[in-house]
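This report refers to the structure that appears directly beneath it.
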């Protein structure tokens with residue numbers, strides 16, 4: 001097990017818990033949204049606060065950062081767009097009648113999900129609602145977006161002319177235990193995915209493989225074909241609600257209220273690793289360079305070797321739950337309900353992991369070269385020698 005880490009910087013500007021942390025696409029800035037009703041903009045170059053966005057009348061639930069604009073949603077039922085350089089509020093999107101839980105920006109669209117049981121689509125530039133998605137029986141907690149061009153063959157696409165104009169689809173997860181897929185252009189429900197028996201807390205979309213992953217309070221993760229709506233697999237080993245998901249190289253990582261993270265092979269459904277040591281729910285996770293970073297309700301962040309499951313480092317210092325983590329330039333950013341943003345140096349862990357990966361690749365290369373030479377030799381001396389040497393190789397590799 002690794003040693004405890006110390007934060008290289010603690011940012012205490014917020015007067016309330018931080019609910020979300022977003023990194024800009026260019027990696028130059030971070031945005032935090034807080035219980036104090038404000039958002040703050042931070043530079044990843046100097047870790048200083050360079051913007052303070054004020055205007056919401058209640059706490060901020062979620063935020064999203066683009067390179068030139070920031071978006072926040074709030075319990076005041078609104079969404080706001082901000083100018084990153086000036087801090088000016090550029091737009092207020094009104095229409096929801098309850099807390100806005102989540103927003104998602106895709107192309108020229110802004111999507112939102114709310115406790116009012118609806119999701120909505122807005123024009124980013126025109127401050128105007130384009131579509132309302134109504135059909136859930138309870139609040140909408142999580143969102144995903146894709147285009148049918150990414151997943152449908154030409155002959156599979158909808159015939160309705162209106163929907164052929166725009167092939168964008170919105171996916172919504174709700175506390176009514178369902179996932180719904182909607183045509184953005186018409187607001188029509190394309191699929192309702194039934195199977196969960198608890199609230200759907202998180203979604204991960206893999207459009208190229210036509211797959212959607214959903215995590216729920218029913219302790220399961222389910223995989224769906226997003227074209228047919230068919231349920232493909234159910235991952236059942238968690239003993240608590242599935243709170244967060246991360247998909248990397250056909251490996252699915254799931255964080256749970258059972259105090260563990262599990263790693264699954266997507267193609268087979270096999271659970272290949274369990275990451276323990278958390279003393280409370282796993283609230284957030286992020287994979288980076290062969291390392292799995294987690295944030296927990298026990299106020300600690302942790303770094304695990306993603307392959308072996310070995311705990312490499314514990315980051316202590318927060319007072320309450322860690323709600324979100326981001327990684328940039330070998331710095332770990334953790335945002336907590338204690339109101340602080342903490343920045344941790346992870347260069348040491350990354351260097352050790354790179355050395356380990358290099359050794360593994362080198363060993364694999366030597367084994368592969370040895371196998372090739374053995375096969376070449378065996379081809380010359382006969383099948384019996386080839387069989388004996390093959391058995392010897394198997395013992396060596398094990």
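Placement of Cβ uses the backbone N, Cα and C atoms for every residue, glycine included.
Note that TrEMBL annotation is computational and uncurated.
The repeat 'WD' annotation in TrEMBL covers 11-43, 93-132, 169-192, 193-234, 235-274, 315-347.
Per DSSP, the secondary structure of the repeat 'WD' (235-274) breaks down as 0 helix, 23 strand, 17 coil. As a summary of secondary structure, the repeat 'WD' (193-234) carries 3 helix, 23 strand, 16 coil according to DSSP. Between the repeat 'WD' (315-347) and the stretches 11-43, 93-132, 169-192, 193-234, 235-274, Cβ pairs under 8 Å are most numerous for 11-43. Among residues of the same chain six or more beyond the repeat 'WD' (193-234), those with a C-beta under 8 A of the stretch's C-beta atoms are 138, 141-147, 150-152, 156, 169, 171, 173-181, 240-247, 252, 254, 256, 258, 264, 266, 269. Distant neighbours of the repeat 'WD' (11-43): 49-54, 56-67, 70, 72, 74, 82, 84, 87, 320, 323-326, 328-329, 333, 335-343; these residues of the same chain sit at least 6 beyond its ends, with a Cβ under 8 Å from one of its Cβ atoms. Taken through DSSP, the repeat 'WD' (11-43) splits into 0 helix, 18 strand, 15 coil. When pLDDT values are averaged over the repeat 'WD' (235-274), the model yields 97. According to DSSP, the secondary structure content of the repeat 'WD' (315-347) in residues is 1 helix, 19 strand, 13 coil.
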